[in-house]
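Participant: For reference, Swiss-Prot lists these features for the protein:
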type	residues	note
BINDING	41, 42, 43, 44, 45, 46, 47, 48	ATP binding site
DOMAIN	9-191	domain 'ABC transporter'
C-alpha cells in the first residue's frame, strides 16, 4: 500500500434521524493515513449508524462524505454461513476480489489453522470474529471501518487483532472503529455521540 497524505475519508455536517429522534447532528471528521478514530457513545447513540453511513451503506439526513479510498467494512455480523469453513470463506472472498494472498498464511496469522476446515456453525464466536477480520488481510484497502472490533475476542484474539491493526496503520492505512473500551487501541482522535 502506498502512503499518501490525502485524507482517506472526510465528513462534515452529518446528521441522522431515527424516526422523529435526532441521533446526531453536525458531526464532522477527517481521517489521514496512519490515523485511528474511535467512535464512542452509549448504546443506541448512533455509533453503528454513523459507521454504516461512512461505509456508504446508509445516507445521512444532512451533510457530506468524501471517501476517496477503497475500504473494508466489518460490522456486528461476521457474514459466515453455517456450512462455510474459514478456509472456504476466505477462498470465496479471495476469488471475488481477485486476491492472490496466501489463505494459509492469513489463517495462521489469526490462529485459525486448526479451525480452518470447521463449518461456521461449530466455530466459537471468537473464531467467527477472527475469520471476519481475516478478510481484511486478503486485499490491501487503506480504510477500515470496524464496528466493535473486540467483541467476542479473548485476550489472545485481541492481541492478534491489535497486531493486525498496528501493521495496517504503520503502512499508511487508517481505521474508524466504534468501541466501548479502547484500552490498547492506537487512538488518534475520538468522536463522542
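Glycine residues also receive a Cβ, built from the backbone N, Cα and C atoms like all the rest.
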Participant: What other residues of this chain sit with their CB within 8 A of the center of the CB atoms of 41, 42, 43, 44, 45, 46, 47, 48, the recorded ATP site?
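Facilitator: Same chain, not in 41, 42, 43, 44, 45, 46, 47, 48, Cβ within 8 Å: 23, 49, 178, 193.
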Participant: If you count Cβ atoms within 10 Å of each one, which of the binding-site residues 41, 44, 46 comes out on top?
Facilitator: 46
Participant: Based on Cβ atoms within 10 Å, give me the single least packed residue among the binding-site residues 42, 45.
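Facilitator: Taking 42, 45 as the binding-site residues, the minimal 10 Å Cβ count falls on 42.
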Participant: 43, 48: which of these binding-site residues has the highest Cβ count within 10 Å of its own Cβ?
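Facilitator: Counting Cβ neighbours within 10 Å, the top one is 48.
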Participant: Which of the three DSSP states, helix, strand or coil, fits residue 42 (ATP binding site)?
Facilitator: coil
Participant: Among all protein chains shown, how many Cβ atoms are found within 10 Å of the Cβ of residue 47 (ATP binding site), not counting that one?
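Facilitator: Step by step: centre on the Cβ of residue 47 (ATP binding site), count other Cβ atoms within 10 Å, giving 25.
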